[in-house]
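Student: Here's a structure for you.
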Amino acid sequence: MKAGKSERERSGRRRHRSGDALTTVVVKQERLSPEPVAHRRPDAPAASLSPPAAEPGHSGHRGSRARSPAKKKSKSSGRRSKSPRTKRSQSPHYPMVKVKQEREDHPRRGREDRQHREPSEQEHRRARNSERDRHRGHSRQGRSSDERPVSGQDRDRDSQNLQAQEEERDFHNARRREHRQQNESAGSEAQEVIPRPAGNRSKEVPVKEKPSFELSGALLEDTNTFRGVVIKYSEPPEARIPKKRWRLYPFKNDEVLPVMYIHRQSAYLLGRHRRIADIPIDHPSCSKQHAVFQYRLVEYTRADGTVGRRVKPYIIDLGSGNGTFLNNKRIEPQRYYELKEKDVLKFGFSSREYVLLHESSDTSELDRKEDEDDEEEEMVSDS
């Protein structure tokens, strides 16, 4: 019994599988148009696969033919056979319709998607093409503008620009030339001429002034300190100690004061600041650093025309408030004035006078004044 049941189940499964295969085949056959088969076999029996008769009132090439009601499929259950055709007719229409709808919907969806996508893609393509056309148009315009023949106004403009540039160039070249000439003239003035022997007097070789790497300006002022006080003045490179013994003879009204020997240094600072002053001046009208007595090595011309060198005394005012007077004339500040024998110096409003003499000077007048002073003192003491 069990074996018979299993065989029946197997046979039923096989039939079901064969029926499913046939139905799938039938679905594929139904996709093909059945119309050409009907045209080929118009006298086919009632059991053929022709479609049902058209309803009255509908027009068509099939509607003209009358079909017998015997050809219609009977709905009675007694006439149904177990053939594969009946099984095919018994298969539900829903899966067939679903299959057809799915197959028909896919291309529709694809078309709709393409229709939705195409406008956006077309817009992007149009935008890209328009941008390319613009760039090409700009490049063509630039090329055409470069290739265009230059008009008269443009030529005039270019010529004016060239002229302006040439004028500026000439102006700058002239300025450079002037500066160069000035520098050359200044250098030639600073050069020293060294005479050659008598045979080669016509050719004189100028010697350039060597650069000085010594301190100057503010750096020199910072380093030029004495006893913790910054000195306003710095000695020049031609400063020398004199061989001649110069002296200063001070007088206060008619009173003769002690002689000052000023030949041991190259410079003497005169002022009210006793800490740094070499020759102190105690009058309140004088400045702390009032003036400087300086010896300098300078050139002079001899009687035979040759050039010699000599150390001479000079006085320079350091910008004092009340000034320095040479022979009762005020001198300019920050400027050297040469001193000669028997010159008289005064500083500020002080009543003291300083007479400049040296060891070989005629001091008879001074000796006479000293003798008179001594006689007056003796007379006063006797009385």
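Glycine residues also receive a Cβ, built from the backbone N, Cα and C atoms like all the rest.
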Student: Annotation phosphoserine per Swiss-Prot: which of the candidates Ser6, Ser18, Ser159 has it?
Tutor: Ser18
Student: Of the residues Ser48, Ser234, Ser350, give the one that Swiss-Prot describes as phosphoserine.
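Tutor: Swiss-Prot records phosphoserine at Ser48.
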Student: Among the residues Ser50, Ser68, which does Swiss-Prot list with the feature phosphoserine?
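Tutor: Candidates were Ser50, Ser68; Swiss-Prot attaches phosphoserine to Ser50.
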Student: With DSSP as the yardstick, break the domain 'FHA' (268-331) down into helix, strand and coil residue counts.
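Tutor: Residue counts for the domain 'FHA' (268-331) by secondary structure: 0 helix, 33 strand, 31 coil.
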